[in-house]
Amino acid sequence: MHFRALLVSALATLAMAAPAPTLEARQSLSSNELENGPCRDVTFIFARGSTEQGNMGFIVGPPTCTALKLKLGSDKVACQGVGGAYTANLLPNFLSQNTDPKSIAAATDMFQLARTKCPNTKIVTGGYSQGSAVIDNSVKALDDDLKSRVKAAVLFGFTRNVVDRGQIPNYPKDQVKVYCAVGDMVCYNTLIITAAHLTYGIYANDAANFLVSKL
């Protein structure tokens, strides 16, 4: 319990230290272009980190979406955050999957929706912090047909990096890119939060390049 208190305190401190979102950024904290929009050539499904607002968060989800749209065309990419039962609460980080079953199911629902609503779309995905565990656990359990539609994944501050050896189990390793910032202890099988854990936005363009390269 003492460790949990330290984690909550660290997250609160870092959240206060993080730069305030601009108006444009605040407006992009959520994206539901798969659920509410037309089918597009590419669908990007993203799970935010613990305590982040909206369904895309602020740190790295929206900038990766923006980078994809700049590279492929805004009318070619649908960005969809994982919301619903995934509330990005802190405590599920301490479970064996580093998240909880309902959060994993919420991501799986989005992958299934992409297949049923937009059977011709190419799916790419990503997750940050707890969201990386959500995507990891969801993708590895997808049926073979749906998994084959997921062309690439980017994982930032991957909480299961050590446990899953820098990859998503039962998914092609060359279709996954893991980003672990120098000094981010989350990537090394701890839940110790440092300032490095807030830096992943700088990798958004590189992540988009990787996702595009796998289409």
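Note that Cβ sites are derived from N, Cα and C of the backbone, with glycine treated the same way.
Residues or ranges marked as active site, nucleophile by Swiss-Prot on the basis of sequence analysis: S129. Residues or ranges marked as active site in Swiss-Prot (evidence: sequence analysis): D184. Here Swiss-Prot flags H197 as active site, proton donor/acceptor. Among the features that Swiss-Prot reports, disulfide bond is placed at C39-C118, C65-C79, C180-C187. What Swiss-Prot records for 1-17 is signal peptide, and it gives sequence analysis as the kind of evidence. The site 'Transition state stabilizer' annotation in Swiss-Prot covers S50, Q130 and rests on similarity to another entry.
Q130 (site 'Transition state stabilizer') sits 14 Å from C180 (disulfide bond), taking the CA atoms of both as reference points. For the recorded positions listed here (C79, Q130, H197), the lowest count of other CB atoms within 10 A around the CB belongs to H197. The closest partner of S50 (site 'Transition state stabilizer') among the active-site residues, by CA position, is S129; the full candidate set was S129, D184, H197. S129 (active site, nucleophile) and H197 (active site, proton donor/acceptor) have their C-alpha atoms 8 Å apart, to the nearest angstrom.
In sequence order, G157, F158, T159, N161, V162, V178, C180, A181 are the residues of the chain that are 6 or more apart from C187 (disulfide bond) and have a CB within less than 8 Å of its CB.
Neighbour density at the Cβ, taken as the number of other Cβ atoms within 10 Å, is lowest among the disulfide-bonded residues C39, C118, C180 for C39. Ranked by Cβ neighbours within 10 A across all protein chains shown, the recorded positions S50, S129 are led by S129.
Ranked by CA distance from C65 (disulfide bond), the recorded positions C39, C118, D184, H197 have C39 at the top as the closest. Note: the Cα of C79 (disulfide bond) and the Cα of C118 (disulfide bond) are spaced 13 Å from each other. Around D184 (active site), the same-chain residues six or more apart in sequence whose CB sits under 8 Å from its CB are G157, T194, A196, H197, T199, listed in sequence order.
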